[in-house]
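Visitor: Next up is a structure, given as structure tokens.
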């Protein structure tokens, strides 16, 4: 048990430290250096002045990665907020109201989840003009379904419990039951899913930008930087390795944090497997 607790604490520390470092570094770099073209300094090697060198337009790679974190993480957070609001709201009503609302939502989810997520995202993003904002729409349209299904499942498990029955017996308003009684039961599981999905959404955003459906030059964004670095993989591999490494590390941190949160949630419910 102590090992589990220590492992989770270490993961949380790494997670918080990562977010802190990203935020602090924003104050030490200029967004102008991330987009300003300087053809006299193209492909500068790694140095104290340019920690990761410069790209084919003379822009500092380290600065572009830090500013790119702002773009990628902001869009990811915005997407998650939209997903949670839509998914949890539909899940609450589908689980509580039952009837045709539940059947309609479930049939829609069954159809949506039967198709690979990324294929749908590519199809949707292709209909819009490439931009980070359109990625928010494309990802939200498909990802809310997981949150609706999870929320409905939790609501169904709570509906037969005495406190809900008593609330209904005393004609407590539906809004009060949903917000004050059911929502607190949903929040822990939703937070775990959000943290796990954070890494997935970063990967989706980077992948869509990589194939030209997301951020457009000169906007610094990790996926767009991957696309740019691909053309110089032989002569200047750092242009590809740097953004790829940042994406991989970020996704790993959020995945480990999600696993740790899930373990703690199961432990609190008495469902934790000691051999895990």
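Cβ coordinates are placed from backbone N, Cα and C, and glycine is handled just like the others.
Values in this document were obtained by computation on a predicted structure and should not be read as measured data.
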Visitor: Suppose you had to name the range Swiss-Prot annotates as transmembrane segment; which of 165-185, 186-206 would you pick?
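Guide: From Swiss-Prot, the annotated transmembrane segment range turns out to be 186-206.
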Visitor: Of 45-65, 108-128, which range does Swiss-Prot call transmembrane segment?
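Guide: The range carrying the transmembrane segment annotation in Swiss-Prot is 108-128.
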Visitor: Which one, 108-128, 186-206, 238-258, has the most C-beta pairs under 8 Å toward the transmembrane segment (73-93)?
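Guide: Maximum Cβ contact count belongs to 186-206.
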